[in-house]
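For 50, 51, 52, 93, 200, 251, 252, the entry in TrEMBL reads substrate binding site. What TrEMBL records for 161 is site 'Transition state stabilizer'. The active site, proton donor feature in TrEMBL is assigned to 241.
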Ligand SMILES: CSC[C@H](O)[C@@H](O)C(=O)COP(=O)(O)O
């Protein structure tokens with residue numbers, strides 16, 4: 001289902017997890033061959049694979065790598081090992097709920113097949129990981145179809161971070177309508193925030209949309225207000241790492257500011273959210289764990305030192321956009337007002 005213009009961030013090939021190293025983009029296209037859950041943990045932590053759905057997919061394969069050599073002699077032993085590996089992989093990053101969703105989904109599958117042999121249980125773990133990846137491409141395409149009904153040809157749209165093909169199995173979440181619009185011959189004009197401090201917008205979104213022949217213009221984060229005031233942006237579409245039950249949305253740091261700006265300019269603010277990112281167990285945005293990343297991402301973020309030695313740094317990787325700034329949350333099951341997100345899973 002992936003179109004030829006999209007690079008696959010996660011592949012299962014020759015009994016190994018093959019990851020496109022996103023820390024090297026856009027300059028180098030390097031694939032990593034991972035065969036242990038420890039390697040997968042490290043790749044998630046170092047952002048070699050990143051973006052909520054892609055993290056979930058990688059963790060799912062990591063869980064298989066963690067148990068495929070199991071010498072458990074009965075179901076209970078295997079179950080314990082599976083849980084240990086799942087807890088370990090779940091400790092790699094805290095915010096994107098897709099990571100926990102994918103691990104829980106595999107555990108549920110194994111529980112359902114508790115009468116099977118150990119070899120069959122291992123095969124079920126891999127089968128579930130493959131299913132998660134396959135379904136993600138379909139989910140993203142469907143989200144794109146729903147989003148397209150809110151857009152029109154010739155529109156200017158701003159996005160933040162990389163909610164793109166590089167963050168998913170294909171199409172991306174927030175970028176899916178851009179790919180679908182292109183298939184239909186529309187000309188959307190996309191503005192990509194560079195997304196300090198790790199520059200996922202500049203390194204990844206600008207790169208993948210340019211590769212796909214989509215009209216994309218890169219701006220610094222602090223230019224969004226200016227671009228909106230000039231009437232160049234008619235909608236904002238972002239992805240998410242976790243949607244809370246009250247419709248608050250965690251996404252890459254800076255998203256909240258973009259939402260406030262959109263409200264101030266009367267521009268609709270849409271969140272593309274696969275159901276794997278919707279966490280009805282988390283009541284509000286204040287309950288979402290926010291990852292803090294190393295100071296070096298800010299002090300040495302552009303490859304050279306840009307801040308004084310020993311400066312105090314605060315580096316939250318995500319922020320929470322309150323539901324009141326969100327026009328709609330778009331999932332594979334439809335378009336929802338944030339306060340009605342509970343209906344998305346019914
Ligand atoms: C669809 S991926 C989730 C978000 O849309 C994306 O913008 C994001 O916040 C990813 O953060 P990252 O730290 O790169 O994993």
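The backbone N, Cα and C atoms fix where each Cβ goes, glycine too.
The model shown is predicted, which means the values in this text are computed figures rather than measured ones.
Secondary structure at residue 252 (substrate binding site), as computed by DSSP, is strand. The substrate site is set by 50, 51, 52, 93, 200, 251, 252; from the centre of their CB atoms, other residues of the chain with a CB within 8 Å are 55, 96, 161, 162, 163, 167, 239, 241, 317, 318. Between the two most distant C-alpha atoms of the annotated substrate binders (50, 51, 52, 93, 200, 251, 252) there are 17 Å. Residue 51 (substrate binding site) falls outside any helix or strand according to DSSP and counts as coil. Distance from the CA of residue 241 (active site, proton donor) to the CA of residue 251 (substrate binding site) is 5 Å.
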